[in-house]
Amino acid sequence: RSTYDASLLHPWWETSLVLELARTGGWPIILFPIACAHFYRSRTQPSSENKLFFMKPHLFIAAAVIGILTGLDDYLYAYGVARLPVSTSSLIIASQLAFTAGFAFVLVKQKFTSYSINAVFLLTIGSGVLAMHTSSDRPANESNREYVLGFLMTVGASALYGFILPLVELTYKKAKQEISYALVMEIQMVMCLFATGVCTIGMLVNNDFKVIPREAREYELGKTKYYIVAICSAMIWQCFFLGAIGVIFCASSLLSGIIIAVLLPVTEILAVIFYNESFHAEKGVALALSLWGFLSYFYGEIKQSKENKPALETEMASVPNRQESV
């Protein structure tokens with residue numbers, strides 16, 4: 001929303017919190033793939049030690065801390081975007097990838113190439129272009145204090161999530177135990193559990209849960225479909241989060257941030273296709289820049305892997321020669 005009535009500020013704040021709670025509230029769904037992995041191991045590796053959960057206490061604490069930070073990020077985002085026009089909030093959120101790149105450099109010593117720097121730049125600009133067509137006027141009847149507070153909280157939310165992704169990668173590196181995808185699912189579950197706890201406590205204190213039955217009654221498709229949509233959204237968000245930290249497990253937090261950034265213009269194009277929204281030049285430019293940045297990153301990775309391959313083959317060939325000389 002680019003503008004809104006100040007009298008509707010609190011209901012929109014409640015709705016934002018409900019949406020943020022749905023992002024992490026589906027954490028029990030992760031128990032299903034964890035249980036399936038456990039039964040698969042018990043049948044294929046009956047002689048090996050097979051536990052339902054492999055997470056050690058120190059890793060559990062680290063995942064819990066990240067989950068609390070995620071819950072705090074949800075609060076900052078919900079509060080901030082409720083008090084800013086769409087253009088301003090979109091530009092701020094577009095900076096998330098830059099924060100991810102910066103924190104990745106500091107926390108995990110991420111190595112940058114000209115291609116990865118180009119990708120970060122293009123994806124950030126591409127996301128920011130989407131805000132050009134929306135109104136940049138400050139909402140009417142909103143005080144300077146509320147506007148500044150919303151601005152600062154949205155910047156904080158963008159920076160905090162940019163910090164969380166490299167922090168997950170750092171947790172993998174400092175885990176002191178072998179990281180498998182089963183363990184990644186456990187980390188995901190613990191993170192969302194604590195994030196949901198933070199959101200739930202805040203909503204209980206503010207008595208925000210009353211918005212759920214009210215929205216269900218006012219939902220155009222009916223109360224039943226409202227709850228079906230909410231449950232399906234929670235399941236899809238779990239797939240998103242598992243994919244995000246799974247990419248970090250397989251590659252890096254920078255790649256995870258790049259994939260998240262490219263989703264924004266793609267979502268805008270899908271809205272044009274499925275919801276018949278108007279297609280503006282800004283959406284086409286944003287999509288082109290984002291795809292350019294996305295391809296630039298992977299081209300750099302492919303080129304670097306080809307350059308490293310001869311050096312690796314030379315090193316492997318020298319090992320037998322050293323053994324013969326001994």
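Heads up, the Cβ atoms here are built off N, Cα and C, so glycines get one too.
Remember, TrEMBL labels are computer predictions, not curated facts.
Per TrEMBL, the feature transmembrane segment maps to 21-40 (among others).
Among the features that TrEMBL reports, transmembrane segment is placed at 52-72 (among others). For the transmembrane segment (52-72), the list of distant contacts is 24, 34-35, 38, 160-161, 163-164, 167-168, 171, 174-177, 180, 182-183, 186-187, 190-199: same-chain residues at least six beyond its ends, Cβ to Cβ under 8 Å.
Positions annotated as transmembrane segment by TrEMBL: 84-108 (among others).
Residues or ranges marked as transmembrane segment by TrEMBL: 115-135 (among others).
Listed by sequence, the residues of this chain that lie at least six past the ends of the transmembrane segment (147-168) yet keep a Cβ under 8 A from its Cβ atoms are 66, 69-70, 72-73, 76-77, 79-84, 88-89, 92-93, 95-104, 106-108, 110, 138-139, 187, 244-245, 248, 253, 256-257. Taken from TrEMBL, the feature transmembrane segment covers 147-168 (among others).
The list of residues near the transmembrane segment (180-206) in space but at least 6 beyond its ends in sequence, with Cβ under 8 angstroms from a Cβ of it, reads 14, 17-18, 20-21, 23-27, 30-31, 33-34, 37, 53-55, 59-60, 63-64, 66-68, 70-72, 74-75, 168, 171, 238, 241-242, 245-246, 249. According to TrEMBL, the transmembrane segment annotation covers 180-206 (among others).
Sequence-remote contacts of a segment are chain residues at least 6 beyond its ends whose Cβ falls under 8 Å from one of its Cβ atoms, and for the transmembrane segment (226-249) they are 22-27, 29-30, 165, 168-169, 172, 179, 181, 184-185, 187-188, 191-192, 215-216, 219, 255-256, 259-260. Taken from TrEMBL, the feature transmembrane segment covers 226-249 (among others).
Within its own chain, the transmembrane segment (254-275) has Cβ neighbours under 8 Å at 94, 96-97, 100-101, 104, 110, 116, 119-120, 123-124, 126-127, 130, 162, 165, 244-245, 247-248, 283, 286-287, 289-291, 293-294, 297, counting only residues six or more beyond its boundaries. What TrEMBL lists as transmembrane segment is 254-275 (among others).
Look at TrEMBL and you will find 281-300 (among others) tagged as transmembrane segment. Counting only same-chain residues 6+ beyond the ends of the transmembrane segment (281-300), those with a CB under 8 A from a CB of the stretch are 113-116, 118-123, 125-127, 129-130, 132-133, 255, 258-259, 261-262, 264-266, 268-269, 272.
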For the transmembrane segment (21-40), the distant same-chain contacts (Cβ-Cβ under 8 Å, at least six residues beyond its ends) come to 50-53, 67, 70-71, 74, 182, 185-186, 188-189, 191-193, 195-196, 199-200, 203, 230-231, 233-235, 237-238, 241-242
